[in-house]
Amino acid sequence: MLGKWSNKIQGSTSVCKEDEFFCASGSPSACLPRSLLCNGREDCSDGSDETLCHMCPRFFCRNGAICGWTPRAPYPSCDCKHGYKGRRCELPDAGKVEEVAVEPSSNGNIVTGIVIVLVVIVLAIVLTIVFLKRRRESQYQALQLTFPASPAAFRAVTDVQRFF
């Protein structure tokens, strides 16, 4: 859950294991067993192992993580948001960052855009077909009036034209 974390002591880096905590004074050791945290006894020479008991200091957890503690573990513990890891959620988690990048909500916008474009294309095709069909019908009707199909119809058209 908490993974490895590191802190600096006068320019050097100390990496503590998951079941250890960082002793700021470095005495008796830079990393001590986590079971010694908040046990009512100062195990670090500067007492730093007892300073954060039963409290969550403001800004202890990074990157929007939630700080908490329990009676069994009375020291601050961070619940990291997706994309972060580490004791204080200070480290980017590459595996979770990829998950965040491919959320359904971000895909929803793409799908919505594609659907809208397809509807517009289909609508344009339908309107074009209707327009061309009406144009062709009006041209065909004009052609029928100009060139009647039977001689009797031709005479009727000619008689009408003479009347006017």
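Cβ atoms are placed via backbone N, Cα and C, with glycine included.
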CYS61: disulphide-linked cysteine among CYS44, CYS53, CYS78 [source: TrEMBL]: CYS78
Mind checking which of CYS23, CYS31, CYS53 has the disulfide with CYS38 in TrEMBL? CYS53
Consult TrEMBL and report which candidate among CYS67, CYS89 shares a disulfide bond with CYS80. CYS89
Report, in whole Å, the straight Cα-to-Cα distance of CYS78 (disulfide bond) from CYS89 (disulfide bond). 7
Select the closest residue to CYS61 (disulfide bond) from the following disulfide-bonded residues, measuring between CA atoms: CYS38, CYS53, CYS80. CYS80
Select the most exposed residue of CYS53, CYS61, CYS78, CYS80, CYS89, where exposure means the fewest other Cβ atoms within 10 Å, treating these as the disulfide-bonded residues. CYS53
If you measure CYS78 (disulfide bond) to CYS53 (disulfide bond) at Cα, how many Å is it? 14
Can you count helix, strand and coil residues in the domain 'EGF-like' (54-90) using DSSP? 0 helix, 8 strand, 29 coil
